[in-house]
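**Q** Among the features that Swiss-Prot reports, active site is placed at LYS281, ARG355, with the record citing sequence analysis. What Swiss-Prot lists as Mn(2+) 2 binding site is LYS269, ASP274, ASP292, GLU353. Taken from Swiss-Prot, the feature Mn(2+) 1 binding site covers ASP274, ASP351, GLU353.
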Amino acid sequence: MSTRTARPLGPQLALAGTVGKRVDVLVIGLTSSSDGPEIALGDGIVDEAVLTGLLDTLVAVGASGKAEETTRIPAPDTLPVDSVLAVGLGSAEKLDAEQIRKSAGAAARTLSGVGTAATTLSVLDLGAAAEGFALGAYRFTEFKSAKSAPGPDAQPVARVELLVSSPRAKESKDTLARSAAIAEAVATAREFVNTPPSHLFPAEFADRAKELGTDSGLKVEVLDEKALEKNGYGGILGVGKGSSRLPRLVRLSYSAKKRNAPKVALVGKGITFDTGGISIKPAAGMENMTSDMGGAAAVVATVVLAAKLGLPVDVTATVPMAENMPSSTAQRPGDVLTQYGGTTVEVINTDAEGRLVLADAIVRACEDDPDYLIDTATLTGAQMVALGNRTPGVMGTDAFRDRVAAISQEIGENAWAMPMPAELRSDLDSKIADLANVTNHRWGGMLAAALYLKEFVADGVQWAHIDVAGPAYNSSGPWGYTGRGGTGVPVRTMISVIEDIAAHG
């Protein structure tokens, strides 16, 4: 069992009706227009005359209201704070929850060293503002020693008071509780992804997932290498056989304890480090392959979140964990393995390992007869070629694929529905086994990978595959509520889909 000490993953969030005396900074929103910026009014929480004076000062120092632009000015004597931070919201006509979320995140990133901030962004959208501040303030500093750790002036904001007209109202409290739980789940997934492979290998990942599940009241099952061998999980074992750090399969189950509750299966790729194996990757950028368990991190966080929210849906996460390494014991191009369930596969490329571990897990997940199955993985470089670093690709059964993509776009993770062209399926045929793990060409790699997984999804299951090869990890500068490193995508998509299933079946 992991002995790692938990640390706060974000600021303390609280509701407030007025700007308190202990607040250091007031954060307000600023929209842009052809006539100049305008303050997004705080529903009477801040005196309108005060806001007018603030706007005059902001215009004088060049604030424009451009999305995510931040401008900090001294506070007037009429406000009980030291300074005011205006964050751009962009065009008022185009303002939506995701822009509020991103602007709140941008504000949080600039509040280093602040003890307590209050904000009027919560009047515009309480949930989005709460999520944005919590996620924008997230930092991963676990491996900074005392000599390089951030000083007090670089610490993230410790507390954010979200101003609303009725802070004691049940609706406000429920909204904040949900948003805080979602932000914590996203941060948990980020924490897993950001932890280096020296410290998060399959056994350790399994221990941490088990600890999270146990603490959340979930049913937990962990299969070690002996159990995997006994039960015929050839994909997971094949990928993991080159590493001295042996593979695991973790299952976390949440029961709504409700008769005829919908059943949702989640599957996430958990390659704790991916060298490519014998088909080794180029050295440049390989350090980012610490993120190759981003799908697993997301599904672990999501099933725990479903339990925390008490959703009336049964949710089970099946999580294969392995390290893909080259060695004298590693699988070779040309080897044949047997996936869980009996399908034989010719391994043409050992760097197409994610689909091998996912296939085992999908077959196992389908043995529970779920109504819906969502798998997610940092699966293909082709996803980034087709859609870039911020847009997940969604494939699967048509209706459910479109439903997942629509919900993802609504909540700001912006997944895009993609096809699975039937003509690509024959390119996965093998001359010596049931399937090959890759095609013999480079075209449509993301789509072909989904077609491979489709072979293992049981008939009648509504299925969506979310490829997050780019979106799971931000290797560039921060933006909105997203810092460098793990992003937590697609936790918010998956929990929103599960909530939609709870509401509509």
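Here the Cβ of each residue, glycine as well, is placed from N, Cα and C on the backbone.
Fair warning: this is a prediction, and the values are worked out from it, not measured in the lab.
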**Q** Which has the fewest other Cβ atoms within 10 Å: LYS269, LYS281, ARG355, the recorded positions listed?
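**A** Taking LYS269, LYS281, ARG355 as the recorded positions, the minimal 10 Å Cβ count falls on LYS281.
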**Q** As a test of the contact definition, list every same-chain residue at least 6 positions from ASP292 (Mn(2+) 2 binding site) whose Cβ is closer than 8 Å to its Cβ.
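**A** Correct list: LYS269, ILE271, THR272, PHE273, ASP274, ASN324, GLY354, THR378.
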**Q** I'd like to know which of the binding-site residues ASP351, GLU353 has the most other Cβ atoms within 10 Å of its Cβ.
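**A** Going through ASP351, GLU353 one by one, the largest Cβ count within 10 Å is at GLU353.
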**Q** Tell me the Cα distance separating LYS281 (active site) from GLU353 (Mn(2+) 2 binding site), rounded to the nearest angstrom.
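**A** About 12 Å separates the two Cα atoms.
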**Q** Helix, strand or coil for ASP351 (Mn(2+) 1 binding site)? Use DSSP.
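**A** Its secondary structure by DSSP: coil.
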**Q** Which are the residues of the chain, LYS269, ASP274, ASP292, GLU353 excluded, whose CB is within 8 A of where the CB atoms of the Mn(2+) 2 site average out, their centroid?
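**A** Neighbours within 8 Å of the Cβ centroid, excluding LYS269, ASP274, ASP292, GLU353: VAL239, GLY270, ILE271, MET289, MET293, ALA322, ASN324, GLY354, VAL357, ALA377, THR378.
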**Q** For the recorded Mn(2+) 1 site formed by ASP274, ASP351, GLU353, name the remaining residues of the chain with Cβ within 8 Å of the site's Cβ center, in chain order.
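**A** Those within range, site residues removed, are VAL239, ILE271, THR275, GLY276, GLY277, SER279, LYS281, ASP292, ASN324, THR350, ALA352, GLY354.
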**Q** How big is the Cα-to-Cα gap, in Å, between ASP351 (Mn(2+) 1 binding site) and LYS281 (active site)?
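**A** Cα to Cα, ASP351 (Mn(2+) 1 binding site) and LYS281 (active site) are separated by 8 Å.
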**Q** Just to be sure I understand the packing, how many Cβ atoms besides its own are within 10 Å of the Cβ of ASP274 (Mn(2+) 2 binding site)?
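**A** There are 26 such Cβ atoms around ASP274 (Mn(2+) 2 binding site).
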